[in-house]
């Protein structure tokens, strides 16, 4: 019985059928102006001409525009003829098809273009037990936030859970309630009057209680944030400033009236600068260029006119309200909108808008020419969208007021009460949706209204934040059912945040469209059993919101389902134009230059960010240590021919040139292990055969440079498309593991130098000694050293020597406190371990600080960007304060060659025989493969689609720069540098850009990488200047740099699918994450794929760690062939999920053919919306009127045309299917 009663209450007095159209409101004044319309004009005015939406494919669908009823008037007989032509409104079997049709239509105006929505729900309640007021109880930007019952605070954002019953009740409300679409009103008073008039006319509301309902609707709105701002000093803030950050740029240009038209109205209308120029009392102005206007009326297409009060459309104006006139507002010129001026009052903020600087002179001149003076009379401060410019220009457009100056909450904007922190989270151009629900004692049955305003209007005081209101939902009912009304309000608010219903609400033409949107939403709803889920539990927002595109894709024209249910995958990383073979000499290089040249200046402008400074400091510290370490190892291997200073100079020179001119400046160059192995083998060969090492190395380097340039000329970089994820991840994982291994190895190596004494006897600590003594069996080298220093063993006071002096004279340490390399050094090793792991964990913690709950967002973001640099500074300071002598970074202090016998220019021949110039081509071939593979695999990893790079890649240009600088370094006797995988990945990770404007509860979206050249350029410039910064760099402990290596290696492993698949070996199936490839590939095949990849990784590790490391690039190349063999064990569908499909020449041709056919199909559909053009033989073109096409969801469109072949006078038939 209770349910029946509730249903009876929901049923209005005057029932209406579901086929009845919603009221398309023509504005407040349409009911008051005595304008007579013919019956046929009224019918044609409401007619909507629907173009049939014919889907050709999922990617490209022809959309027919709705013809606006304002411009096309047709008689009823025209509609009958349309039916005879076969242009019928399509029938839809499901709400989903109806919704897809609605979303597939486009409108000529901007009033139905969807915007982001902020939804607020207010409930009518008592305040202090005395009077009613609307109190904000919930809001939605992306997820729901509620005002907590027990405290004045907002809840955490959560996923809204709705009861199914409330959704059905909402559907009943839309079905039986008042629906008014495209209402033109400027104040809440006008909206209330029009809604109530419609309710009375339809019998939903009794005229006797009209004033009671109107009074309830116009009650004050109390927002949650107002208490926090009561004690704050009012802010003096201009609308222009607000508009820069939070308003829609299209708001100024809505319906064809742009900023230029507004400036024209400034010049021809009233002069807004009079006040400031004449020095009058400060007043608050709203200029015409902030007022969105509607279409029509004027030659420019705008309808912003100076309203003229008439007895028919406005009550008596208050003394404080006057209208502003100018000479330009009388005849045919566009009339300036009425500008209302507020008095100098304390409770209204002063908002002063200054005209653009370029218009000041024009305004001054116009002011002198004006013959009529404009009088400014204090009045109400109108909101930007509540001015009468929103009303129809063909009708009266008077600001609604009353004797007391109108409703203040609807006419003033107090920015001192605006929560600007929340305002920043609202996207640009957002509009508001207000939900008003409540219970009153004078109603016997609920009244419901759904209103869509056109255009959106800023109703001050109605919404928590000053954004224009687009939708209003009203539900007032008798007392006793407040929870029911609350749930219905939550339902409509949640629906407005749904991506599909949100678009339907903007594009709906009648009530049925809204009902279809609700039905489609119900089709997608998941119901949880009440006994298995507690609805009071708040669901945390997901990290990533699933895409709703599948709900927008219509079924195939013949009603069949797609062949595969697999979700669409993004294009492979090698599908871009950068790796397509041109067939011309240096063709790929020329295209790279053309592609990157337009971005050259922006590569420097885009670096104006604090994030780039953090990246420079981080990567500088990260690059310094491996370069110096590599130089030291190279110095040991070549007996000082090439050492640390050459390594620093070579890295700086190569890095600067590469950062300036390379195709992908995000890549960081560095030294590699195979290059070091090659240098060792080459030096040993030259020493055994008495050849000049530097000269032979120069010859090999020049040959390598030449061969790399040949690869550039022949577009060999296009072969990179055969390097799939399988090869990339094996190579990247190996480099990351090497970084981790070498960081730990260096830490253990410190244990050999700074050994610690084990198994100590604490009682015998006072007897532990370690002194220097004469070596018992001095070597020949030691004797020669003594002779050079003119000393003998007997003349040296061994017991009095310091540790360094004892090592200089090759003394021997004797005593119980002595280790293998000297006395035990207390605490150094353990302190190094503390520095090492503290650096790693602190860097990781600070990098993730962006997601913590402490401090403002800007502070967290800055700490995250400077994470590694802050860690280094903190650890250096702690090390300095503790004072334990940990090993420090050693940088050469002089800029000169390590070997005094060599210079900065090396001859390719030198003392070597002439034939060495020719034989050098053989090892150069091996070096070419090494350089090519290292460079291009790293480039492929950097240019992956996951990084969302927008400026394109430049594989050919990258290889050219590496080749040129390799030749330069060879001539100068400097080490060779190539792309460093881990450093490049760390560089990219440090420049990730995420969305700043995110709704509460929504995770920031990854937008891409800050692509620029400055970070790499500054890193290598600082590296070259390091020789002059030794006084600062000498304080950096080496364990801290080793900890940075560990952090880079571990952080670079994130996102590698290979390691995610390795984790699956130890997980039961029920605990495995919902990885996409596990849905489509059997688990045992995933394990087989992982085992093969792991085996290849182990083989690469063994080869790289052995003396055969010089053939390491050949083994990386072999991975491509291993991947090709996997086609025999896996299907292409499985490999498409586990890896990228290998490119095939036949597949490319077929793909090109499909693309060409698609372009042809799109070209056929170009032109006006009433004709389809089909090419025919001998250049003929068939034109088919769209109205002859009949669409049925069960079968494809088929058109048969008879036409005459002119030359042969024969009749032919042509048939096409769409």
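Even glycines carry a Cβ here, placed using N, Cα and C.
According to Swiss-Prot:
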type: TOPO_DOM; residues: 1-612; note: topological domain 'Extracellular'
type: MOD_RES; residues: 57; note: phosphoserine
type: COMPBIAS; residues: 60-77; note: compositional bias 'Basic residues'
type: MOD_RES; residues: 60; note: phosphoserine
type: MOD_RES; residues: 89; note: phosphoserine
type: MOD_RES; residues: 155; note: phosphoserine
type: MOD_RES; residues: 238; note: phosphoserine
type: MOD_RES; residues: 247; note: phosphoserine
type: COMPBIAS; residues: 319-337; note: compositional bias 'Low complexity'
type: COMPBIAS; residues: 383-396; note: compositional bias 'Polar residues'
type: MOD_RES; residues: 386; note: phosphoserine
type: MOD_RES; residues: 404; note: phosphoserine
type: MOD_RES; residues: 407; note: phosphoserine
type: MOD_RES; residues: 411; note: phosphoserine
type: MOD_RES; residues: 560; note: phosphoserine
type: TRANSMEM; residues: 613-633; note: transmembrane segment
type: TOPO_DOM; residues: 634-641; note: topological domain 'Cytoplasmic'
type: TRANSMEM; residues: 642-662; note: transmembrane segment
type: TOPO_DOM; residues: 663-699; note: topological domain 'Extracellular'
type: TRANSMEM; residues: 700-720; note: transmembrane segment
type: TOPO_DOM; residues: 721-729; note: topological domain 'Cytoplasmic'
type: TRANSMEM; residues: 730-750; note: transmembrane segment
type: TOPO_DOM; residues: 751-821; note: topological domain 'Extracellular'
type: DISULFID; residues: 770-772; note: disulfide bond
type: DISULFID; residues: 806-818; note: disulfide bond
type: TRANSMEM; residues: 822-842; note: transmembrane segment
type: TOPO_DOM; residues: 843-865; note: topological domain 'Cytoplasmic'
type: TRANSMEM; residues: 866-886; note: transmembrane segment
type: TOPO_DOM; residues: 887-912; note: topological domain 'Extracellular'
type: TRANSMEM; residues: 913-933; note: transmembrane segment
type: TOPO_DOM; residues: 934-958; note: topological domain 'Cytoplasmic'
type: TRANSMEM; residues: 959-979; note: transmembrane segment
type: TOPO_DOM; residues: 980-1015; note: topological domain 'Extracellular'
type: TRANSMEM; residues: 1016-1036; note: transmembrane segment
type: TRANSMEM; residues: 1039-1059; note: transmembrane segment
type: TOPO_DOM; residues: 1060-1096; note: topological domain 'Extracellular'
type: TRANSMEM; residues: 1097-1117; note: transmembrane segment
type: TOPO_DOM; residues: 1118-1218; note: topological domain 'Cytoplasmic'
type: MOTIF; residues: 1215-1218; note: motif 'PDZ-binding'
type: MOD_RES; residues: 1217; note: phosphoserine
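Positions of the features from Swiss-Prot, shown on the structure.
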{"residue": "155", "record": "phosphoserine", "Cβ neighbours (10 Å)": "15"}
{"residue": "770", "record": "disulfide bond", "Cβ neighbours (10 Å)": "15"}
{"residue": "772", "record": "disulfide bond", "Cβ neighbours (10 Å)": "24"}
{"residue": "806", "record": "disulfide bond", "Cβ neighbours (10 Å)": "21"}
{"residue": "818", "record": "disulfide bond", "Cβ neighbours (10 Å)": "20"}
Contact between the transmembrane segment (1039-1059) and the transmembrane segment (913-933) (at least 3 Cβ pairs under 8 Å, separation 6+): no
Using Cβ atoms and a strict cutoff of less than 8 Å, what residues sit near the topological domain 'Extracellular' (980-1015) while being 6 or more residues removed from its termini? 141-143, 145, 156-158, 422, 424-428, 541, 543-545, 599, 602-604, 606-607, 609, 611-612, 614-616, 618-619, 622-623, 626, 659-660, 665-672, 731-732, 735-736, 739, 865, 934, 937-938, 941-942, 947-951, 1048-1049, 1051-1052
Determine, using Cα-Cα distances only, which of these recorded positions is closest to residue 770 (disulfide bond): 155, 806, 818. 818
Should residue 155 (phosphoserine) be counted as helix, strand, or coil on the basis of DSSP? coil
Any chance the transmembrane segment (866-886) and the transmembrane segment (1016-1036) have 3 or more Cβ pairs under 8 A, given the pairs are 6 or more apart in sequence? yes
Per the Cβ filter (under 8 Å) with a sequence gap of at least 6 from its ends, the transmembrane segment (1097-1117) is approached by 673-674, 677-678, 681, 727, 730-731, 733-734, 737-738, 926, 929-930, 932-934, 937, 1058
Folded-back contacts onto the transmembrane segment (700-720), same chain, C-beta under 8 angstroms, at least six residues removed: 574, 579-583, 585-589, 682, 908, 920-921, 923-925, 927-928, 931-932, 936, 939-940, 955-956, 959-960, 962-964, 966-967, 969-971, 976
Pop the Cα-Cα gap between residue 772 (disulfide bond) and residue 818 (disulfide bond) into the table, whole Å please. 10
Measure from the CA atom of residue 806 (disulfide bond) to the CA atom of residue 772 (disulfide bond) and give the result in Å, rounded to a whole number. 6
What residues in the same chain, six or more past the boundaries of the topological domain 'Cytoplasmic' (843-865), come closer than 8 Å to it by Cβ-Cβ distance? 610-611, 614-615, 871, 990, 1043-1044, 1047, 1050-1051
Highest Cβ pair tally under 8 Å against the transmembrane segment (642-662), stretches 730-750, 913-933, 959-979, 1016-1036, lands on 959-979
Pop the Cα-Cα gap between residue 155 (phosphoserine) and residue 806 (disulfide bond) into the table, whole Å please. 71
Using DSSP with the three-state reduction, classify residue 770 (disulfide bond) as helix, strand or coil. coil
Is it possible to list how many residues within the topological domain 'Extracellular' (1060-1096) are helical, extended or coil according to DSSP? 29 helix, 0 strand, 8 coil
DSSP three-state assignment (helix, strand or coil) for residue 806 (disulfide bond): helix
